[in-house]
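Right, one structure below, let's go through it.
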Amino acid sequence: MAFSLRFFFLFLAASLFLPPSDSCHPTDKEALLHFKLKITSDPSHLLLSWNSATDCCSSWDGVACDSYGRVTNLTRPGIVSGIDFIADTYMSGSLSPFLGNLSSLQFLDLSNLKDVSGRIPFEFGKLSRLTHLFLDSNKLMGSIPRSFGCLFRLEKLYLGNNQLSGIIPSSIFEHFKCLSELGLSGNRLSGPIPSSIGKLIQLKNLDFHANNFSGSIPRSIGKLTNLRYLDFSENELTGRIPTSIGGLSELVLLYLNQNKISGSIPSSVSGLSSLIFCRLSENQLSGRLPASVGKLAKIQRLILENNKLSGKLPSSIGRLTTLTDLFFANNRFTGKIPKTFGNLENLQTLDLSRNSLSGGIPHQLSKLQRLQSLDLSFNPLGLRSIPNWFVKMKLFRLLLAKTGIEGAFPKWLSSSSISVLDLSANRLTGPLPHWLGNMTNLSFLNLSKNGFHSTIPAEFKNLLLLMDLDLHSNHFTGCLDNIFSKGVQDPLGHFNSIDVSHNHFSSCIDENVGNRAAMSSIKSLVLSDNELEGEIPKSLSELSELHVLDAARNKLSGEIPAELGNATELTTIFLSKNKLCGRIPAEVLNLQKLWKFDVSENRLCGKIPPHKTHFPASAFKHNRGLCGAPLPPCKHS
């Protein structure tokens, strides 16, 4: 008997010191099974191992527990990557409120499931131990639950790329003392950004882009001194950039583009000493650019285009030797391009187009040996000629439209490696030189709105990489064969667009134009306002990607080929003011994507075929033999 009692007490003592069970807690198991029940589609079987007969801690994928059998991690994202693979899948259904019963949960990742919809359950606010919550890239809707204010341990919260709406309750930010990353981008959230955001003093990443937020950027933003990433772009924000923003000395990225922010850029931006990427474009910013911008010692990309900034460009910008990309296009800057820009030794892109800059191009820019793209278009620079020192540069893109260039096509271009060249809207004259064929890197050429007068040289065929050509509004003559039959260098060199309108091109269009290799991918073919003769080639039907065909105001004759109805991508056909005859083919008029059509002022006859798209009567007028809707009905003999 004494032995039995001693054994009993030894067993009791031992049981008191046994480690806690690691089997799944029944409350947590019930919550997870209810989550699975709310999932209506799981094509990749992310939840296949979740079985009521097995232990959720040891057997269920994506679930981790503590030593007490309480679930701490739930990870079932739609994108999973490993050393040598990326798996991308989805689940459909909704979020179960029972997940709020996972009282020990610290990490919840249900991101990128794409098709999880419905509201975020209010019960999620009970997850008081949660540090990481990822619900981004789903179809969640409704407002952000106010109960989230109880998640005081949260360090990372991502709800982006959903369909969330409503305002952000200001009380939520009162308690997020540990939050370092907050992502709400790509939703439909509206109203002002709460000033209480200034209490998120641990915040490093803040992304609200692509919502409907309105009102001003709160001044309290300047209290977020640990912030490195700030993106408020693509909203409806108004007011000024707060001067307090200069206190964000750790900020690396600042995106405020595509809002309605007005006023001047504050001089306090000089305090953004860590800034590398800055985008303030597509706003209503005005006034002078402060000289203090020259203190952004680490800046690489500075994008201020499409605003109303004025005055002279600060010479202090020349101190920003880390700059790689500078976009100041479409503002109201005046004066000369500062000589100090020649100090921007790492600059790759310089875009000052569509301003009111004058006084030529400073020769100091010849020092920019890393410069690949230069756009000074639509400035009254009064260049007369392109400086010869340009030949020393290694430009990939050169755009000098409407800058006052005169005379012949610049000879130094024959030895350049330029791919994109725009010299449109200048006063260039003379023939298109034969050495143009030496510019074998050209992929885009715009010489429109000049005074060129010649045929297209045979050497044009050597432009094997050319894909976009605009020669409109010149005095070119001859035929178009050297354009249509140019060579290609597969997969490059197939035309996207050709515009040779408003010239004096004549003769017939090559009947095999639709079979030429260079034409196989063309989307826009504009031949209007020339003196082209003959019939419309039937081979145009082979152009399977053609969207726009404009051959109006020529001398084309014959019938509209019914085969044109095989070019099923056509949205626009303009053939007015020619000498076309015969009937309008029903196959053409009923092209499924056609919404612009004009054959007025020809010699067409017969009844207009029935068609579903509404075309105005003006599209058919002045064809004596045409009748039927939308013109008056045909007379029966």
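Note: Cβ is positioned from N, Cα and C throughout, glycine not excepted.
Note: TrEMBL annotation is automatic and uncurated.
Look at TrEMBL and you will find 1-23 tagged as signal peptide.
Positions annotated as domain 'Leucine-rich repeat-containing N-terminal plant-type' by TrEMBL: 25-66. Here the domain 'Leucine-rich repeat-containing N-terminal plant-type' (25-66) has long-range neighbours at 72-76, 87, 89-96, 98-104, 115-116, meaning same-chain residues at least 6 beyond its ends whose C-beta is under 8 angstroms from one of its own.
Annotation source TrEMBL lists domain 'Disease resistance R13L4/SHOC-2-like LRR' at 287-381. Helix, strand and coil counts from DSSP across the domain 'Disease resistance R13L4/SHOC-2-like LRR' (287-381) read 20 helix, 25 strand, 50 coil.
Note: the domain 'Leucine-rich repeat-containing N-terminal plant-type' (25-66) comprises 17 helix, 6 strand, 19 coil (DSSP; helix = H, G, I, strand = E, B).
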